[in-house]
Amino acid sequence: MAMACATLHAPMAAAITAAAASASITCYSYEDDGTGSWSLSSGTSSSSSSSPRRQPYRRLLHDEAQRLRRERRSQGSGAHTPRWVRRTPDQMARYVEDDRAGHTYGRHVLAAVRAVRATASRASADMRQAMASFVAKLTFREMCFVLGQQRGWRQARDFFAWMKLQLCYEPSVVAYTILLRLYGQIGKIGLAEETFLEMLQAGCEPDAVACGTLLCAYARWGRHNDMLLFYAAVRRRDIVPSISAFNFMVSSLHKQKLHGNVIHLWKQMLEASAVPDHFTYTLVISSYVKEGLLQEAMDAFGEMKRRRFAPDEATYSLLISSSAKNGRGEQALRLHQEMRVKGIVPSNYTCASLLTLHCKNEDYSKALSLFSEMEQDKIVPDEVIYGILVRIYGKLGLYEDAQLTFEQIDKAGLLSDEQTYVAMAQVHMNAQNYDRALQVLDSMRLRDVKPSHFSHSALLRCHVAKEDEASAEDAFRALSKYGQPDVFCCNDLLRLYMKLGHLHKAREIILKMSREDLQLDEDLCVTVMEFSTDHGIEIFVGQTWGLVIASQLITKFAREGSTDEAKFLYEHLTKLGAKPDDSAIATLIVQYGQAQQLEQAQELFETASTLFPVGGYVFNAMVDALCKCGKTGEAYHRFMELIDQGHSGDAVTISILVTHLTKHGKFQEAENIIFRCLLHDEAELDTVVYNTFIKSMLDSGKLYSAVSIYDRMISSGIPWSIQTFNIMISVYGQGGKLDKAVEMFDAAQELGLTIDEKTYINMLSFYGKAGKHHEASLLFSRMKEDGIRPGKISFNSMINAYATSGLHNEADIIFQEMQKTTHVPDSHTYLALIRTYTAGRCYSKAEEAIQMMLHRNITPSCTHFNHLISAFLKEGQIDEAQRIYNQMKEIGVAADLACCRTMMRLYLEYGCIHDGILFFETACRLLKPDSFILSAAFHLYEHSGRESEAGDVLDAISTHGASFLRSLEMKTSLHLSRSKEQGAKLQQDAAQTAHETLCSSFKL
């Protein structure tokens, strides 16, 4: 169906509403004086006598108010309050004279409605004749009202034909929409389509209301293909239906279990910028769950909550059940806790899902707590919940309690489900009481409970345990009627045949599984391999199914760490000329890598590559093994070889390789891989890989490249994770763009991601470095409000934030709070404290912090002392700086490069020539050659007149490729650090060994 090309009318929803339905006009009043108050009088003073026109007004208003009051009482709490409007006396007079009795239209319009409806009782009625008395008396708006009041499609069709003959009629989308709605309600889709085409031919451009009306008609009567085709045509004209029309379409598709179409329509809704409501989210989440798209369902659920829509119990129940089934137990429990907080009482189905989860996890204490909550909420358990309780008793070994519960279910008349019988039978089987289990299953049969594969599986297990071969085979045949028996039943029967020595039957069932291409689990695979190894594996090697079994067993052995068994089976297969799956070989290679057995991994790789053509799995596994063994360079070349041969690295391998290359400082190689993957699209990249790429660029200092990769990630539609935002916060923070880092943090919260402590620590650190201690304090408080208990690193980051601003009192408060939370301060904590105290010139407190470290058996590093030494140097307190340095030497802490630079600067700037030379010759000779230290030493030697040693220092600078700093100057001082006598003695003691010391210190 094509639409005429014309300019789109303005939205006419209001006009359609007014024309299509009658609305009761509520009580009216007018302003009786100039004060702006509301009154029901005729406009005269309230003290004046009644005028002739006042009584009709008052009687009419009184009667109308009484009528509306009665209606509100019958409507209950959902009644609408009357709307009062202003009317002038003249308007009120005309209102009374029209005698509409509270209706929108006058008596002549209502008479027209009755006249048209009356034609339904006369088969040969002529609409022209019936409406003859109304010619030229109805306006276009009134005719639309009459049309909308019709219930029969024939009367509506004939009256519309009469409408078009009237002089006041003009083709309008309003009238056509009314007719479309009526046809749609009674299922006259053909007439609706003809009406829509007529509207187009008449030059009326359909609006969102008209299109939505036809879409709803298609949806109401299950014409989904036509609905979707028409919707596509509507969207091509950039018409967006209302959310009610979307909901009608989604609901119709959902009822027919067309969940894929629901999801597709949902995505189109979002593209069209339609604003979904509570009903839309509920249906879409349900469809996502039905399609097995749990993560997408959770994303929609999060968006629903962010839009302030309250999910109902059914939505929570679906998500809890799906989370439990998909191994997301923590998510299911979190959703249940969220329900409890919001006061939503869970249904029996929700409770059953949670109990099944607790039973699966063997967390029986939580199951008991849930039973207590059910009792508090007055939730009456059904048979399913009682059945789960029976299973829990059985797993706990409380067989008598399980039996008692089963009997109580029976006495209560709730025992009607097969699974309850099977649950009790399994309890008896777990107690190895197979006769009683058979009795329970027999009682089920006697009560005409329809059996299924569940009960037949239990029967098979009982008969196998009793070694009743004939009965076991009967149960297996009964199982086959329901389809292919599962791997557990096949394994039980195969083990029975092997135990009884019936090898021909064992061989037959194995061949039957091969013909039916049964997917084996690990247990059945082991059983089949045990039989084939003892009785000739060669009969399976030539079959694809047999190789699958062997490959699965190699994988199983490798994952369990049994590499010798896996290798033995691999070699046995290769001798027979069979090639295991690449996935099995890859698993074994990876296991060798994890065990640091690189030689075995390389040997297996070379053997496999020589005997058979190997695919990307094996190459990726070898790259992974090389990385785990620290051979990153070789791993890089192996990966490039993989790419050159036309294979594509998988996302996991790429991520591992880039991480190891970055960790070992091979940034160029990591960058080569990153941009090759991005530019050539040789692998399908996921969120983890993009995070790895961004982190690699961050570690290599290429912040612009990190931002570019992030932008590409967003444009490619790759979903974010909290790790993505955390890394980008670091990128912008290290680049000095704190505002961008804050935007990233806020975006993560808006998307509903769970902000972890690591992300908070990141933001605290950058706030602190930027000197924004107030923002850091607010964020620290917000972290605690969000239920995150600050760890040691969080406290250290907060103390560092105050250290940058020199706020030692605030840092003390954080330090005390940290100790109250049982966190033991570490070396980093004391370093932050010392930074705070020195920045605030509280040098005694800084020394006390060092003493506290020693008291708690925490050895300070040179960095702890260096802050104090630098602080004293800035204050000009040379003796204090020297004292701290001597204290550091006394406890056995060696000076590092930063400390040596600080001390040499002290000696140089304050003219302590002989102390400086002695320090250089004793403390600096074991350190890496440094331009500043060597240049300072040259100036010290030069000013002391020791030209030979100064020349040796220049030679050392040249030899090690360091830079000579000519800008350093020696300050003139009246005290050359010691008396002249002491200086002369020091010079005499050092003169003999100075040259040898320098030569040995700076020898290549």
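Positions of Cβ are set from backbone N, Cα and C atoms, glycine also.
A TrEMBL annotation is a machine prediction, not a hand-curated record.
On a predicted model such as this, the values are computed, not experimentally measured, just so you know.
Annotated features, as they stand in TrEMBL:
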- 39-51: compositional bias 'Low complexity' (COMPBIAS)
- 428-537: domain 'PROP1-like PPR' (DOMAIN)
- 39-59: region 'Disordered' (REGION)
- 172-206: repeat 'PPR' (REPEAT)
- 207-241: repeat 'PPR' (REPEAT)
- 277-311: repeat 'PPR' (REPEAT)
- 312-346: repeat 'PPR' (REPEAT)
- 347-381: repeat 'PPR' (REPEAT)
- 382-416: repeat 'PPR' (REPEAT)
- 615-649: repeat 'PPR' (REPEAT)
- 686-720: repeat 'PPR' (REPEAT)
- 721-755: repeat 'PPR' (REPEAT)
- 756-790: repeat 'PPR' (REPEAT)
- 826-860: repeat 'PPR' (REPEAT)
- 861-895: repeat 'PPR' (REPEAT)
- 1-23: signal peptide (SIGNAL)
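As a summary of secondary structure, the repeat 'PPR' (207-241) carries 26 helix, 0 strand, 9 coil according to DSSP. Here the repeat 'PPR' (277-311) has a mean pLDDT of 90 out of 100.
For the repeat 'PPR' (721-755), the list of distant contacts is 302-303, 305-306, 687-688, 690-691, 694-695, 697-698, 703, 706-707, 710, 713, 762-763, 765-767, 769-770, 772, 786, 788: same-chain residues at least six beyond its ends, Cβ to Cβ under 8 Å. A Cβ distance under 8 Å defines the sequence-distant neighbours of the repeat 'PPR' (347-381), meaning residues of its chain 6+ beyond its ends; these are 313-314, 316-317, 320-321, 324, 329, 332-333, 336, 339-340, 388-389, 391-392, 395-396. Taking Cβ pairs closer than 8 Å, the repeat 'PPR' (277-311) reaches residues 243, 246-247, 250-251, 254, 257, 259-260, 262-263, 266, 269, 318-319, 322-323, 326, 328, 331, 342, 750-752 in its own chain, all 6 or more past its ends.
DSSP assignment over the repeat 'PPR' (615-649) gives 26 helix, 0 strand, 9 coil.
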